[in-house]
Amino acid sequence: MSIMVNIELRGCSEDELIKICKEIGLKRFRAIQLFQWVQQKAVRTWEEMKNIGERDRQTLRSRLSLYPLEKVREQRSKDGTRKYLFRLEDSETIECVLMDYARTSSRDRHTVCVSTQVGCAVGCAFCATGLEGFRRNLSVGEIVGQVLDITHLVRQEDPDFQVTNIVFMGMGEPLLNYDQVLQAIQLLNQAQGLNIGMRRMTISTCGVVPQIIQLAKDNPQVGLAVSLHASQDEVRNKLIPMNRRYPLTQLMEACQEYTQITHRRITFEVALTAENAKREEAEALAKLLKGQFGYVNLIPVNPVAGTGMERPKPELIRRFAQVLEDAGISVSSREERGADIDAACGQLRRQWEG
Ligand code: SF4
């Protein structure tokens with residue numbers, strides 16, 4: 001007698017569903033219908049899958065489990081950003097942000113910032129998630145589920161809503177949950193699913209060197225953002241403890257290898273605080289990035305209770321950018337989103353958990 005394993009439906013590709021359906025005696029077209037209900041139409045219950053009869057649904061339920069995320073809280077910013085706190089099957093909670101440009105300039109770009117872990121082991125000094133420590137990795141279905149459930153929620157108001165871009169920049173270090181994140185990317189990209197282009201997805205890492213190189217080999221289409229934040233090891237060690245394991249020299253070498261393989265520009269993220277927004281820091285950063293194929297994205301921090309970080313004055317941000325530009329480095333400044341809600345990663349969960 002074979003052991004029946006319950007598999008997470010939202011984490012299955014079309015091919016996996018075809019295989020499962022074959023095993024349980026259902027036709028291939030059932031698998032295709034099932035995949036489309038879940039990954040394209042973003043339905044959350046078996047009952048909504050209208051063209052699958054009750055008997056087949058029962059058979060499928062014996063092998064596949066469907067756990068939609070439960071929305072516990074939602075905050076809406078004046079700028080269109082929506083931040084969600086979702087509860088998982090085991091009662092852990094994660095955050096997820098929709099940066100909804102429909103209310104600002106372009107109607108066509110809807111970016112979702114997803115979480116990849118519950119908590120995070122890295123413990124960056126500026127991050128509310130890091131203060132919590134690591135709890136567990138998210139499964140493929142839980143990662144994809146965030147995009148599906150946001151799609152479902154927004155479609156209740158706007159039936160044509162479609163997520164166009166994904167950033168793996170929420171709670172957790174994506175490259176420390178590498179296999180699940182890569183599988184989630186494949187799923188989000190499937191033509192019969194949400195069909196989000198590979199080049200419209202970006203992984204943000206604090207610098208897990210071996211996985212940066214691995215990513216270049218495994219999926220050279222996906223974008224890479226590196227949370228740099230400091231240009232000297234002594235400073236970066238304090239901000240991002242991962243730097244002790246993979247110091248800047250190793251990180252910069254990995255970035256060069258990444259761009260040689262992928263030919264894609266890297267985004268170097270630099271959070272600016274009242275403390276580091278200095279001319280010397282900008283000059284050191286320009287020196288560090290010399291020869292890299294990438295650009296710097298400056299992010300003035302939102303103050304986070306418990307981290308002691310303060311936002312720099314606008315003139316300091318402008319001066320910092322100017323130093324980089326004078327050194328020939330392209331600079332963008334991340335549009336501040338959701339400043340009137342708890343937009344920084346981990347803040348909402350922290351408040352909720354009290
Ligand atoms: S910034 Fe990212 S890597 Fe650092 S502690 Fe927060 S979630 Fe982890």
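Quick reminder: no glycine exception, Cβ is built from N, Cα and C everywhere.
TrEMBL annotations: computationally assigned, not manually curated.
Note that the structure is a prediction, hence the values are computed from the model and not measured.
According to TrEMBL, the features are:
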ACT_SITE  GLU95  active site, proton acceptor
ACT_SITE  CYS345  active site, S-methylcysteine intermediate
BINDING   CYS120, CYS124, CYS127  [4Fe-4S] cluster binding site
BINDING   GLY172, GLU173, SER204, SER227, LEU228, HIS229, ASN302  S-adenosyl-L-methionine binding site
DOMAIN    106-340  domain 'Radical SAM core'
Practice task
Let me know how many other Cβ atoms fall within 10 Å of the Cβ of LEU228 (S-adenosyl-L-methionine binding site).
Solution key: 28
Practice task
Rounded to the nearest Å, what's the C-alpha distance separating SER204 (S-adenosyl-L-methionine binding site) and CYS124 ([4Fe-4S] cluster binding site)? Just drop the number here, would you?
Solution key: 14
Problem - Where SER204 (S-adenosyl-L-methionine binding site) sits in the secondary structure, as DSSP reduces it to three classes - result: strand
Exercise for the section: Give me the mean pLDDT over the domain 'Radical SAM core' (106-340), rounded to a whole number. Expected result: 92
Practice task
Within 10 Å of each Cβ, count the other Cβ atoms and name the one among the binding-site residues SER204, SER227, ASN302 with the highest count.
Solution key: SER227
Exercise for the section: Have a look at the recorded positions GLU95, CYS120, CYS124, CYS127 and say which one has the shortest Cα distance to LEU228 (S-adenosyl-L-methionine binding site). Expected result: CYS124
Fill in the blank from the handout: Row GLU173 (S-adenosyl-L-methionine binding site), column other C-beta within 10 angstroms, all chains, value 27
Problem - Pairwise CA distance, ASN302 (S-adenosyl-L-methionine binding site) versus GLU95 (active site, proton acceptor), rounded so that it is a whole Å - result: 16
Problem - Whole-number Å value of the largest CA-CA distance among GLY172, GLU173, SER204, SER227, LEU228, HIS229, ASN302, listed as S-adenosyl-L-methionine-binding - result: 20
Exercise for the section: For HIS229 (S-adenosyl-L-methionine binding site), list the number of other Cβ atoms lying within 10 Å of its Cβ atom. Expected result: 25
Completion exercise
Cβ density check for CYS124 ([4Fe-4S] cluster binding site), other Cβ within 10 Å (all protein chains) comes to 23
Fill in the blank from the handout: Nearest by Cα to GLY172 (S-adenosyl-L-methionine binding site), of the recorded positions GLU95, CYS120, CYS127, is CYS120
Practice task
Would you mind reading off the Cα separation of HIS229 (S-adenosyl-L-methionine binding site) from CYS120 ([4Fe-4S] cluster binding site), to the nearest angstrom?
Solution key: 18
Fill in the blank from the handout: The answer for which recorded positions (GLU95, CYS120, SER204, HIS229, ASN302) have a CB under 6 A from ligand 1 is CYS120
